[in-house]
Amino acid sequence: MEMGRRIHLELRNRTPSDVKELVLDNCRSIEGKIEGLTDEFEELEFLSTINVGLTSVANLPKLNKLKKLELSDNRISGGLEVLAEKCPNLTHLNLSGNKIKDLSTIEPLKKLENLKSLDLFNCEVTNLNDYRENVFKLLPQLTYLDGYDRDDKEAPDSDAEGYVEGLDDDEEDEDEEEYDEDAQVVEDEEDEEEEEEGEEEDVSGEEEEDEEGYNDGEVDDEEDEEDVGEEERGQKRKREPXDXGEDDD
């Protein structure tokens, strides 16, 4: 899927100014450039374009509020001065798996005064002698390089991804609200179904009672007939001796 198309889908009926987080991983860039992204995304704080075939960030729009930029697994080899111009408030930058070979390529990042974390995993520059020491000298504002500070202490997850988690929490709250609404609808439907079932049970119960009553009536009638028959037979037996006596006379 092309990047422009992917951005359109990610908007999901929102306006660009409503978007704080945009993930475009694994889509396809045209001619290795960013497309479809404009300065209308003025509230954007997190942008991820992992493995999209980028060779340049020249088309990156002005994103003053962008804090974290994921550019890993692309083919970027230079032109990073654009980042200082277009994303002046970057705090986290991931360039892992790109074609960065020497320190001069990352030197323009000195202008990113708020840059706190830089990742260059799987870039050729990491093979240079005294790589870490030289990068920290070149970019004194850095706290973490490839996930570790100057003393080789690992960056805590909360520091690296805290504000992104905050964005996720907001989205989860929205999802929970939607879920609650859906759940209420389902509950209402279930209540209606239960009421209908209850009414059906009442009707069937009445029918059963009527049938039982009808059957009981038949049994009572039969018993009454039997009683009448026995009485008649008794009367006959009583009359027979009397009749015999009259004959004797």
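Backbone N, Cα and C define each Cβ position, glycine as well.
According to its DSSP assignment, THR15 (phosphothreonine) is coil. Sequence-distant neighbours of THR15 (phosphothreonine) (same chain, six or more apart, CB under 8 Å from its CB) are GLU40, listed in sequence order. According to Swiss-Prot, the feature phosphothreonine maps to THR15.
Listed in sequence order, GLU40, PHE41, GLU42, GLU43 are the same-chain residues six or more apart from SER17 (phosphoserine) with CB atoms under 8 A from its CB. Swiss-Prot lists SER17 (among others) with the feature phosphoserine, giving similarity to another entry as the kind of evidence.
Annotation comment: Swiss-Prot describes 18-41 as repeat 'LRR 1'.
When DSSP labels each residue, the repeat 'LRR 2' (43-64) comes out as 0 helix, 3 strand, 19 coil, counted as helix, strand and coil in that order. Taken from Swiss-Prot, the feature repeat 'LRR 2' applies to 43-64.
The repeat 'LRR 3' feature in Swiss-Prot is assigned to 65-87. Counting only same-chain residues 6+ beyond the ends of the repeat 'LRR 3' (65-87), those with a CB under 8 A from a CB of the stretch are 25, 32, 42-58, 93-101, 105-106, 108-109, 111-112, 119, 121, 163-164.
Swiss-Prot lists 89-110 with the feature repeat 'LRR 4'. Panel annotation: around the repeat 'LRR 4' (89-110), residues 64-78, 80-81, 83, 116-125, 128, 134-135, 138-139, 141, 160 of the same chain, lying at least six beyond its termini, place a Cβ under 8 Å from a Cβ of the stretch.
Feature annotation from Swiss-Prot assigns domain 'LRRCT' to 123-161. Only residues 6 or more beyond the boundaries of the domain 'LRRCT' (123-161), in the same chain, are considered here, and those with a CB under 8 A from a CB of the stretch are 92, 95-103, 105-107, 109-110, 112-117.
Annotation source Swiss-Prot lists compositional bias 'Basic and acidic residues' at 147-156.
Taken from Swiss-Prot, the feature region 'Disordered' applies to 147-249.
For 157-230, the entry in Swiss-Prot reads compositional bias 'Acidic residues'.
Sequence annotations record features per position, and here Swiss-Prot assigns phosphoserine to SER158 (among others).
Among the features that Swiss-Prot reports, region 'Interaction with E4F1' is placed at 165-249, with the record citing similarity to another entry.
Residues or ranges marked as phosphoserine in Swiss-Prot: SER204 (among others).
Mapped onto DSSP classes, the repeat 'LRR 4' (89-110) shows 8 helix, 3 strand, 11 coil. Per DSSP, the compositional bias 'Basic and acidic residues' (147-156) is made up of 0 helix, 2 strand, 8 coil.
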